[in-house]
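J.: Quick paste of what Swiss-Prot says about this protein:
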- D34, D53, E107: GTP binding site (BINDING)
Amino acid sequence: MKIPLGILLSENQADKENILKHLEENSYIITVGDRTTEKMIDFDLIPSLQIVDGIEKREKREPPKLVNTTEITVDNPPAEITSQSIDVIKKAFSMESPVRILVTGEEDLLVLPVCIHAPENSVVMYGQPNEGLVIVKITSEIRNKVQSLLDLME
């Protein structure tokens, strides 16, 4: 997605202090992407839901380390959003966190169904390649915008 869904913090602004300004005390943190997930874990901002694929900028990598995480795997081919992926995302929201969805394929577009199905107090974070970190506070306005994007993709 070329246009960020939320606030874009440039690489040098994406520190813990700036990120905390966009979180509330009880925010349900969701990360999409290995680097974003790793960064939040390093900042001790443990994502309730993490969606990773073990790849960063087309290079294979180890998924971020975190103990006591429930892990679910799902197949999601590049440039697609499968119904299986949507079902797994919905299921993850009903599980005790932290939950990690390990994607075989590509996780990038899963930001969209996450924004639709995330709980009210959610904040979704994902990387904008070569630009920085996108922070999306889930609101009905965001849900409607994302639904319009999904409708265009069908």
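Each Cβ is built from the backbone N, Cα and C atoms, and glycine gets one as well.
Values in this document were obtained by computation on a predicted structure and should not be read as measured data.
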J.: Can you check which residues sit near D53 (GTP binding site), meaning Cβ under 8 Å from its Cβ, same chain, 6 or more apart in sequence, and list them in order?
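T.: For D53 (GTP binding site), the qualifying residues are D34, L102, V103, T104, G105, E106, E107.
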J.: Ten-angstrom check, please: count other Cβ atoms within 10 Å of the Cβ of E107 (GTP binding site), all chains counted.
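T.: A 10 Å sphere around the Cβ of E107 (GTP binding site) contains 26 other Cβ atoms.
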J.: Need the DSSP three-state call for D34 (GTP binding site) to compare against my parser.
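T.: Note: D34 (GTP binding site) is helical by DSSP.
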J.: Given the recorded GTP site (D34, D53, E107), which additional residues of the same chain have their Cβ within 8 Å of the Cβ centre, ordered by sequence?
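T.: Here the nearby residues are V32, G33, I51, V52, G54, I55, E56, P63, L102, V103, E106, D108.
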J.: How many angstrom lie between the most widely spaced Cα atoms of the GTP binders D34, D53, E107?
T.: 9
